[in-house]
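What follows is a set of notes on a single structure, which appears directly below.
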Amino acid sequence: MSDTSAPTSTRADELNTTRPQKAVPTGPGLDRQLQRWLPWGVAALLAVFYAAVSIRRHVELLTSAYDLGIYDQAVRSYSHFSLPYNSVQSAHFDVLGDHFSPVLALLAPLYWIHDSPTTLLAAQAVLIAVAVVPLMRWAHRSIGLGAALVVGLGYGLSFGVANAVTFDFHEVAFAAPLIAFAAVALGEGRLTAAVAWAAPLVLVKEDLGLTVAVVGLLVAWRGRRMLGLLTAAGGALGAALAVLVIIPGMNPLGHNNHASKFGTSILHQFTILLSPDIKILTLVFLLAPTVFLAIRSPIIALAVPTVLWRFLATDPNYWGNQFHYSLILMPVIFAAFIDVLRRRNPAPRRIFLLASALVTVYLVPQNGFAQAFTSGLWHTSEATSQVRALLARIPSGTTVAASNQLLPQLSQRDHVTLIGRTPLDVSQPAYIISETQNVGFPLGTDGQNAWLADARSHGYRDIGTAGSVVLLARN
């Protein structure tokens, strides 16, 4: 009997050796279902959370003309089968002359259903949340359920995501899922899929062609030389065309407004690449959730173009952790984290995952999501209600000059210009509504009040106030 049973055992062993080996075997039951559906469940919860936070910010008058008002008008123009014009940056300004983001046209059908800035905020919430799906699936397949949860919540609550969700709407929301799927495909060796996911980035924003180029170089390095080099060339060419040809051609002034933000000497900019210290702090915030392991993966190269242009720029707004500029880096960081972790032994891997989770929890109160845990965001104050009542006095379909914080409240129903961007004698609005205290962009408090005084001298009269907000009408 021993002779007859031995070959059976050998054949079984031979069959086992032909099966693909995985770092963590997955069972046919619950674990497999979790791999398939848990990432989508987490994405759905994150999308609801993101949408709730951003829409409540809009209700509480915390959104702004730059940039929600701009993109609201641009997408509305697309929904009317027009070029993406807006009257925020200047009268009849084509958004394609500022940033090359034709992907925004994909949102136009949503405006046929619900024409509102909140539609953009909800769409952004979904796009950013979907990026968690490939990251969690890869972490689960290659490491395990615990890793998937740590990575999912690490990405979902990261400062790059938080500061994008809590700052209006931006076109780079489309880049988050594309980069996540591309990075995971690279990590898994699905090189054609990586190129397919990365290629549309050239239509999201002009600089992202350089990210496509890096994807191409990594594909070439992995052995698909022709595919990789063609992708790299296509990405670089796409970025060059957008920056040097398309944007200046669509800009009414005939140049790229952002070119001046990079100084005149690139060599000098490289000498201050990590100066001032805020740039180093940004790198720390980026890498800390991965316990700095992400830098050991080739996938981290996808972050290089974005980090370089931000740190080479002369505009301090690009250097730090505020605003939306780190959003597209978060999928890269966490994909690189997974790539390194899956090669580690289980014991140190658990320590790194625990450390990552602790860093995530520690950083949440310091990022944009901190406001989600305060009662002020979820309860409308009397002051806000009074301003909303003042806004309601402005008729629909009229012309209005509004301050930065109030413009998005009117952009869906009126023709609105931004105070300080379009001269009063050009816009000639029927109404003016503005804050008079703690005014920021673009004029500041003194400049805003001087502008209002000039308007009064040209025939506008005060017809209402709500705290520090004034409403003027043309005689």
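Note that Cβ sites are derived from N, Cα and C of the backbone, with glycine treated the same way.
Looking at 59-79, 143-163, the range annotated in TrEMBL as transmembrane segment turns out to be 143-163. Contact between the transmembrane segment (194-221) and the transmembrane segment (37-55) is absent: fewer than three CB pairs lie under 8 Å, with pairs separated by 6 or more positions in sequence. Comparison of 119-136, 280-303, 323-341 by number of C-beta pairs under 8 angstroms to the transmembrane segment (143-163) places 323-341 first. Sequence-distant neighbours of the transmembrane segment (323-341) (same chain, 6+ residues past either end, Cβ-Cβ under 8 Å): 128, 131, 135, 138-139, 142-143, 147, 151, 154-155, 158-161, 163-164, 167-168, 170, 172-173, 175-177, 179-180, 183-184, 186-187, 208, 211, 282, 285-287, 289-290, 293-300, 302-303, 306-307, 310, 317, 349, 352-353, 356.
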